[in-house]
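Written below as structure tokens is the structure these notes are about.
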Amino acid sequence: MMNPLIIKLGGVLLDNEEALERLFTALVNYRESHQRPLVIVHGGGCVVDELMKGLNLPVKKKNGLRVTPADQIGIIAGALAGTANKTLLAWAKKHHIASVGLFLGDGDSVKVIQLDEALGHVGLAQPGSPKLINTLLENDFLPVVSSIGVTEDGQLMNVNADQAATALAATLGADLILLSDVSGILDGKGQRIAEMTAAKAEQLIDQGIITDGMIVKVNAALDAARALGRPVDIASWRHADQLPALFNGTPIGTRILA
């Protein structure tokens, strides 16, 4: 079996039916023309935010990470492992792709520890066991994995989806594409940066050009590039016409170098 390609989905994509249609059309075409197994990892911040708003619950973030109190983890897990995950499974079904919905703890695919007590139920993902997902891939299933995990002592944790995808890529020895709302990492003038090294990222963070959630995304991509020993792509799901080229290894956003 070829090494898998992990596609991490996030941002407001889950709220955009036209974009989901284009994305799944590109996935179908890729699966038909390549024997390479695919895995989807997803967050769903927009789904969580809508639910929190409907329940009149405050949304707090610290350094780009969602603060998750004990009384909110059940709601967030329901939104991500439930609504967001099943929405993607429904799109896969519509496009005749046999898919399986998972969370990080299934088959110990990704291990999770608590990141910081101040953040509450927020986890740090670490490589786990490839056994379950490899079994699914060998049988032509598309695993769709939410970014909810569980600690060794059974505590549910909300994990940043970029970081979750990175840990799963390390588990499977997979290539990784991080799809987001933006077309890549932008410089101070709003221009896309084609390639990014750790030194350059540090410089842009110090200058306040890379901020908030993008810091988390860039650090996850740098971690992945180092762990995997190969580049990681950050690109936008908005450019549907370019997705086939991206899946084939052509950079269309920012390529993060190890």
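Here the Cβ of each residue, glycine as well, is placed from N, Cα and C on the backbone.
Predicted, not measured: the structure shown is a model, and the values here were computed from it.
Record check: Swiss-Prot places Gly44, Gly45, Asn158 at the substrate site, and the matching candidate among Arg22, Arg31, Arg66 is Arg66. For the binding-site residues Ile185, Ile209, the largest tally of other C-beta atoms within 10 A is found at Ile185.
For the binding-site residues Gly44, Gly45, the largest tally of other C-beta atoms within 10 A is found at Gly44.
When the recorded positions Lys8, Gly45, Arg66, Asn158 are compared by Cα distance to Ile185 (ATP binding site), the shortest distance belongs to Lys8.
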